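For A:Y561, the entry in TrEMBL reads active site, proton donor/acceptor. Sequence annotations record features per position, and here TrEMBL assigns FAD binding site to A:217-223, A:299-302, A:351-357. Taken from TrEMBL, the feature substrate binding site covers A:R498. If you look up TrEMBL, you'll see A:15-26 marked as compositional bias 'Low complexity'. Sequence annotations record features per position, and here TrEMBL assigns domain 'FAD-binding PCMH-type' to A:185-367. According to TrEMBL, the feature region 'Disordered' maps to A:1-29.
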Amino acid sequence: MLTSDSCLSLHKHGSSMASDSNSSESQRIAQQRLRIIAGHLQKHKDDDSGTIATECKAEANKGTVPRKRQEIMKWNGWGYSDSKFLFNKKGQAEFTGKRYRLSGMVLPSLQDWFENTFGASVNHKSPATPALNASAVPPASLNEAFVEDLKATGIPFSHEAEDRVFRAHGHCLHEIFALREGKKFERVPDMVVWPNCHSDVVKIVELACKHNVCLIPYGGGTSVTSALECPPEETRCIVSLDTSQMNRILWIDEKNLVAHVEAGIIGQDLERLLNESGYCTGHEPDSMEFSSLGGWVATRASGMKKNVYGNIEDLVIHIKVVTPRGVIEKSCQGPRMSTGPDIHHFILGSEGTLGVVTEVTMKIRPIPEYQKYGSVVFPNFEAGVACLREVAKQRCAPASIRLMDNEQFQFGHALKPQVSSIFTNFVEGLKKFYITKFKGFDPHQLVVATLLFEGDRERVLQHEKQVYDIAATFGGLAAGEDNGQRGYILTFVIAYLRDLGMDYYVVAESFETSVPWDRVLDLCRNVKERINRECKERGVQFQPLTSCRVTQTYDAGACVYFYFAFNYRGLADPVHTYERVEHAAREEILANGGSLSHHHGVGKLRKEWMKESISSLGVGMLQSVKDYVDPDNIFGNRNLL
Amino acid sequence: MSTVCASCLNILVFVTLQQRDPMLKRDGFEDILEERRNSSDLKYALRCYAPVLYKGVTPCKANMLKNIVLQSDQLRYVINQVSQESGEAPDIIQEEASVILEEMAHRLQISTVRFFAFALSKAFKTLFQHVCVNEEGIQRLQQAIQEHPVVLLPSHRSYMDFLLMSYILYTYDLALPVIAAGMDFMGMKFVGEMLRMSGAFFIRRSFGGDKLYWAVFSEYVKTMLRNGFAPIEFFLEGTRSRTCKSLTPKLGLLNIVIEPFFKGEVFDVNLVPISISYERILEESLYARELLGVPKPKESTSGLLKARRILSEDYGSIHVYFGQPVSVRSLAQGKVNRSTYNLFPRHIPRKPMEETQSFVNDTAYRIVRLQEDNMVLKPWVLMASLLLQNLEGMELSVLTEQTVWLRGLALSYAAFLDWPDHAPTAKVVSSSLALHRGLACVSGGRVSLVVGEPLGPVTPEEALFNRAVSVLSCASYRNQVLHVFLRPAMLAVAMHTAASSKKNEVYNCFSFLWDMFSNDFILCPGDTVQDFEEACYLLVKTGAVQMPQQDIVMTDIGQPTLSFFNGLLEPFLQGYQMLLPTLRSEHSVLCVFTGNLRCYEVLSSDMQKNALAALLRMDAVRKVKV
């Protein structure tokens, strides 16, 4: 929530802030110019490759992510080490740390909700292993010749157990669960390298080819598709190529509104740095605090505000990729080309199987003048979907529009912080009374759509009215800015909540799909029902939580996001049970006209359905590209195909 | 056959038999008339009726339902299509659709249901000794109704069936079904409307090319199903079976109720096979006459009133067995790829894909077999089977002895036999004969079929006709047990006809018979090998047959069983055999056989129809237009 928070305060203070940031911006540009001149001067002294390396290292690291990620982030859970949910001695939930809006707050209703929803109890703890057991980590099998050559380049690397384990996983349930349980790892990277710039990557890839070493690119580590898992059958030395230190904005072109950025930069840094210049990309995937630009490109990421800014494929103007065959890039930055199939589309979604994305030129926009949250309550999910469909039809979707089902609405309410003033409580009570009693909405049926409008003030207000008018025709009732904002806060903290659940025998995961409009309701209903049925058949003792939301609207369909959690007490192998249920849910999605993935990607988790999804001929086309670009399977993470 | 590992198959068959073998799992029965005999029918008809519904759906008024149908994308699409093809304005077609729907739709009214509850209570108590229902089945049904849309699929032997079904559901406070009924009922003044108000909707018997009719009809049924307003009931066999043999299923309605599952519009559909067994069928002798070509009386109210005389007779008991609900989702698992429906708008009607068609066909057969499995058999069906093999009559003592023997055989083949507990066999036989005194009589210690004696002089044709009526009536009881013995009986015939005892030669004969008889009996498509293995298993199990290495041979004690089985299928074999020359000579069947006819069953229009269909299917004959 860091970024949104800072955005928000910026807008609240209005235009005076904007001029402040303009003056600091000109200062920053001046400094950057100096640095570049200094760099050029230095260049003449040394030989070419050495210079670039020096240039890379000359820059002080301004990014959030240190090489030793474990210094600020959890090694066995989501996000920052200082931020976590816990039930305090009074049994009340609180969120620790200072980073988020919810940080330091007490959430009085969470315990009840948690216990009632899952049949769990705050007295039944399932604590995680406190620290990484180094003996559970297989020893590094290094390719000595590669290490020698790498040393000569001066690129930093490590083969410490903590560093290697951190890069052996993403955030799939089974991965985190295994870390918490202290399970023995089958295969982890043998070493980690931290290139500082494009030419470092070129060197690493050349050495990897020379010594037949397997490379696995690592960006933000937020994958939920088993994409970062090392193939257990890989016998070569596996090197994790951590792009986190390639995190600079190399230049901003205000005439064309594009910025050239190193692909290791993470979302929050990119927005923060661009904001300093008065710009933003507007690309805000839910994982943007940690996920990286290169990762977005490699997985075809989608941002919450894509209605205004577009998805990653719409934002990208130019991509530079280092492959075993050399560097792929286009020769110009024309906004559209008719030059055969777009080679960017071989890269977008390639999931690290072809090479490393090192630099990206992407569109930027001036920071919007005004931002406003909103929410609409509908009597039921059907009405809500009908409204979203109409909004999409009239092409007047706000920057973000999401429809949460009743389960998620109640969940959102359980996350309400302790109210400080009696008055707010009173108003909330009145509102609830009005919606549930006066309007005749059933509290166990009603759903809420959360909205985010952006633009100049007048247009936002006009837009807001248009959307609320449409909503009214479907029985929707405006329910205030707070409810809307709470919905978006939920997005950022929900990953933290999973860790809390796992402390109390509850496992949880999310998955997504995209589906034509006319099948949205059927798909949601059938997938939920399938999950419930599968849980029952597989011996889950407690009613699972299945919840969904429509998170993106398109002309021809929507993106649907599911949450699924259950209390696993009494199950011998909860992760296996979970995986079987998720597998069944995915089959149900496909049978109901949903796609294999809208934005998470395929990884290794969903590979088995690729043929069915894109035909075997389609798989063959992708395979032939892979065979040409990477004949020795240097990028051997075995995702996708 | 030779490519299939026989021992593996044996295990497979054994397993499926175990699954299907309901001996241990069949529920007990409860007589619902008992309470009716002890308490007020009026109170019963007026009691509080509050059934549980599908996921607590609110019941939908008939008019609202019609509006949903008329405004559906599906129907609107077809209306536009028909309008473009015919050049008529869409609103005229729309009006047409509305008229069709008006003619079709049910108007379920609780008051009418209460009237029937009262009237039927009275009638049932007069006609029947017991109406027995398996209450566990009712409980399963109640559960199923709440979870998923339910389709009730009863067997169809009598007009009584759907009134009886609604009566039972009302008795157990279950949601009343809407029932697909033939348009012929609508001809009955007043009664047609009464049926409509008790939940019947009427469909034309044939509407082959009428796109609009089909669209209205299928959308009407699907709307009810998707919304779970009420269980849908129809007869897979399409019409009442005049022979008491299950008829090969019709697929139209089944296709309609299954499609919403394939299209993802519902999570699942539960198919509930229901077996309604009558100890004596009300229409018994009517059917025999009908089969012999006397036209079916047109459904009319006055006809119904005339039929009152049946009220004075004893029709024994009825058993209604609600089978285990069958989940279409589980059945389709791995057989139909639902994602093939993803690339076409769901509201545009499309011919089902081949994969789907064969799935629906398969499902239909499986359901009819489930109906057969749970049909309750009375001792009389065993006696009828024996009597038909001894048309000249048999000693009562022999009949009794053989009935006991046959009972043992039937039980070891998992027949659902309702044999009175603790009663001496002689008593069972005599009371069966008493109930069916219209069909068989005892004189001088010999039992023989009763032949109706017309007044006045009798032409040979009339004599033959009367004889045939009595044989066909009796055959309708034998037919009830056929599904139990069919497979081993075909094997017995195959062993008898095969040139050697080599297993694959016997199999070839079996396979030929299987193919030939697949219009007459319920043989699931593609199950030839499995049925053969099942037959072998059963005959070996009862000691009639041995299977050393690659041979199938009769045992020392196998003679009675095998010859009974040969005799059981004899009428069918003879019938099919006789029909071939008949076809050639183009003479009416009756003329040809007036001489010394031994096989009366060949006169049955049902057998003629099936045989002809089989011959056509097997390319033995060809249709020529003259």
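Backbone N, Cα and C atoms are what each Cβ position is placed from, and that goes for glycine too.
All TrEMBL annotations are machine predictions without curation.
Because the structure is a prediction, the values reported are computed rather than measured.
Following the DSSP three-state reduction, the secondary structure of A:R498 (substrate binding site) is helix. Distance between Cα atoms for A:P217 (FAD binding site) and the residue listed as 'substrate binding site': 26 Å, as a whole number. On its own chain, A:R498 (substrate binding site) has A:W78, A:L173, A:I176, A:A508, A:E509, A:A565 as residues at least 6 apart in sequence with a Cβ closer than 8 Å to its own Cβ. For A:A301 (FAD binding site), the number of other Cβ atoms no farther than 10 Å from its own Cβ, over all displayed protein chains, is 27. Neighbour counts were taken at the CB atom with a 10 A radius for the recorded positions A:P217, A:G220, A:Y561; the maximum falls on A:P217. Here the Cα atom of A:G355 (FAD binding site) is found 29 Å from that of the residue listed as 'active site, proton donor/acceptor'. DSSP assigns A:A301 (FAD binding site) to coil in the three-state reduction, placing it in neither a helix nor a strand. For the domain 'FAD-binding PCMH-type' (A:185-367), the mean pLDDT of the prediction comes to 96. All protein chains included, A:G352 (FAD binding site) registers 27 other Cβ atoms within 10 Å of its own Cβ. Compared over the binding-site residues A:S223, A:G355, the count of CB atoms lying within 10 A of a residue's CB peaks at A:S223. Here the C-alpha separation of A:A301 (FAD binding site) and the residue listed as 'active site, proton donor/acceptor' works out to 14 Å. Cα of A:G352 (FAD binding site) to Cα of A:Y561 (active site, proton donor/acceptor): a span of 24 Å.
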